[in-house]
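S.K.: One structure, as structure tokens, below. Some questions next.
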Amino acid sequence: MFHFARCSRLTRGTVTSDRLLSSHKTRDFLFQHLNRRGNHSAPWSSSQIPSTQLTVGVPVLRVWRQAQKLLRLTSRQQPRPPSIALKFILGPAALTVTARLLGPSAHCEADVNNNKVPLEVQVKEKIPEFSWAVLWEFVRPQLFALMGAILLAFGAAALNIQIPLMLGDLVNVVARHMREQAGHYMRDIQAPAVKLLGLYALQGLLTSGYIILLSRVGERVAADMRTTLFTSLLRQDIAFFDANKTGQLVNRLTSDIQEFKSSFKLVISQGLRSATQTVGCFVSLYFISPKLTGLTVVVLPCLVGAGALIGSFLRKLSRKAQEQVAKATGVADEALGNVRTVRAFAMEDRELEMYAAEVQKSAAMNETLGTGIAVFQGLSNIVLNCIVLGTIFAGGSLMARDDLSPGDLMSFLVASQTVQRSLASISILFGQMVRGMSAGARVFEYLALDPSVPLTGGGRIPLDSLMGRVDFMNISFSYPTRPGNQILKHFSLTLPPCKTVAIVGESGGGKSTVAALLERFYDPSSGVVMLDGLDIRTLDPSWLRGHVIGFISQEPVLFGTSVMENIRFGKPSATDAEVVSAAKQANAHNFITGFADGYNTVVGERGVTLSGGQKQRIAIARALVKNPSILILDEATSALDAESERVVQEALDRATTGRTVLIIAHRLSTIQAADLICVMSNGRIVEAGTHLELLSKGGLYAELIKRQRSNGHK
């Protein structure tokens, strides 16, 4: 839905509209008013406006004049600004503020010469909302443990209310013996002392109990959230990962869930306890001394409010310090992760300087934070001591008039400090709860996503009757992250069974996109991809990728485990003999057995301990171990040296026998024996034929061959 709004001049002949009107009624009025007054290439209405693109042909002065008139009409119901200048300032400003707070925004351009200019609509990123229903699904399995923790927390809070009263009884016994010098002191003090010790012991047990239960609940909820989120992320289509950075996704799995777990445990334990103690101790204070309670009610909230403000400042400073620590960590992570590049350019000193600079900034911020905390704690101690002194002064006056006993004064002091600590804890927990809910909302946002391409579900073709014929029929496609850039345009191609088809062309022509559509990483915008006459959208994607198609990319990614497990990744149920057989087909068996640990050799993160040719041959073995009917080679040898390319090409020649093969080629020397070579340009096939046929045409293929030979490729 398009929203028209405030216009601001960008260039001499162009204006840009980038704000919306808050009212649908106002928006429709503006459109209708413009339709009556202006000459447009097409009528505008709220129901006729396209969601993604509009063509505007209204002269800019007319548009601005109508917008000003609308502002005057809508401002009649409100007091007018004192001057015309103020009107021109406040009118657009009000629209701007409203636009910042509400809904999506749009960007349009209108040329003063009435030329048609495309209008793009961009929806603002929606802030994720916290879902209590989703939280309930995670908490429900731990409900009994959670209820037990809540009951124990209430019990501990109730005991904390009783402890000041018991302390008062103890003080009264001591004061009576000091005043009267009568009776047996040890006998009189024994009963209240034993009761107080019993309360302390029971309070300790209850506190330990609810902390243990809450820890159990929090850890299990966090584990379930991590597992569920990771499952949701793995099920997302490739377009999702194109649009989101890996670091952000990992941060949701780690930092956000950790933040939510900590907030969840703190809010339930300390929040319930603090709230119970605050209410209970206030009641106790009133029964002990209504007069002192009145003074406390006046003073205490002011002090807590001031403490909350200072605490808010310190929390912001703490957040900045943590962000600076994260920057320093990022520098170190980048340097250590790319240590080979750092070493190759002798940049160790520069990386050290960068890291030291970030660490120094972090240290300075943390020193400032430490100073702030020290000042805050010092002032807090002064204020607390002043409160104690004031309470003793006022309580002493009441004691002098026999309105208050020494024990009651002691009880009042302890209870009032309990209230103050509880209120301060609640104010801190409020900020913690906000951060926790924000973190939870970010996690829940990804849990609710449904992939456009499902991971499983659909039909399967019996492998013994699978022929391997692939048809691309009138395919048009744009990547979801770049909808305005069409990669394939009415693309059609047939891969005959057990034949090799190569696609060549300049970079950006759409070659790798064809392979991605066959793997069903994406669905085409229009057209259909067929496998043995069936639309692949009706087939099970997991079966298609796991049993039918083998994919070998230009830069294979290996996992930081053994060679055996890396090859078995292509078929988890493969036996050791099947793994060895696949390695032999890929020309990898000899160099693998040359390792000290053979197939149990750990290849390091991303296969860092292997050469490019070795990694590529292990990747070929990984694809062959599942015996695929269709093989996709996406520039599988373009990154290798001549010797490695020769060995890998021998393996590929063996692997392609008896299979339908799609080759995405950069080095044209590797595809001269293909049954069909298709030359792509701008998303279309412009030439097709065998190597000799295309050379004889003297077209784009011949030009590419000539260009590569002049650059040193055979």
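Cβ coordinates come from backbone N, Cα and C, glycine included.
These came from Swiss-Prot, pasted as-is:
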| type | residues | note |
| --- | --- | --- |
| TRANSIT | 1-21 | transit peptide |
| TRANSMEM | 143-163 | transmembrane segment |
| DOMAIN | 148-435 | domain 'ABC transmembrane type-1' |
| TRANSMEM | 194-214 | transmembrane segment |
| TRANSMEM | 294-314 | transmembrane segment |
| TRANSMEM | 373-393 | transmembrane segment |
| DOMAIN | 470-707 | domain 'ABC transporter' |
| BINDING | Gly505, Glu506, Ser507, Gly508, Gly509, Gly510, Lys511, Ser512 | ATP binding site |
S.K.: DSSP three-state call for Gly509 (ATP binding site): helix, strand or coil?
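M.R.: Note: Gly509 (ATP binding site) is coil by DSSP, not helix or strand.
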S.K.: Using a Cβ-Cβ cut-off of under 8 Å, list the residues of the same chain that are 6+ residues beyond the ends of the transmembrane segment (294-314) and lie near it.
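M.R.: 285, 369, 372-373, 376, 379-380, 383, 387, 390-391, 394, 416, 419-420, 423-424, 427-428, 431.
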S.K.: Across all the protein chains here, work out how many other Cβ atoms are within 10 Å of the Cβ of Glu506 (ATP binding site).
M.R.: 14
S.K.: So what's the average pLDDT for the domain 'ABC transporter' (470-707)?
M.R.: 85
S.K.: Identify all same-chain residues not among Gly505, Glu506, Ser507, Gly508, Gly509, Gly510, Lys511, Ser512 whose C-beta atom falls within 8 angstroms of the centroid of the ATP site's C-beta atoms; report them in sequence order.
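M.R.: The answer, listed by sequence position, is Met680.
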S.K.: Pick from Ser507, Ser512: which of these binding-site residues has the biggest number of other Cβ atoms within 10 Å of its Cβ?
M.R.: Ser512
S.K.: How many other Cβ atoms sit within 10 Å of the Cβ of Gly510 (ATP binding site)?
M.R.: 23
S.K.: Can you tell me how many other Cβ atoms are located within 10 Å of the Cβ belonging to Gly505 (ATP binding site)?
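M.R.: A count of 24.
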S.K.: Least buried of the binding-site residues Gly508, Gly509, going by other Cβ atoms within 10 Å?
M.R.: Gly508
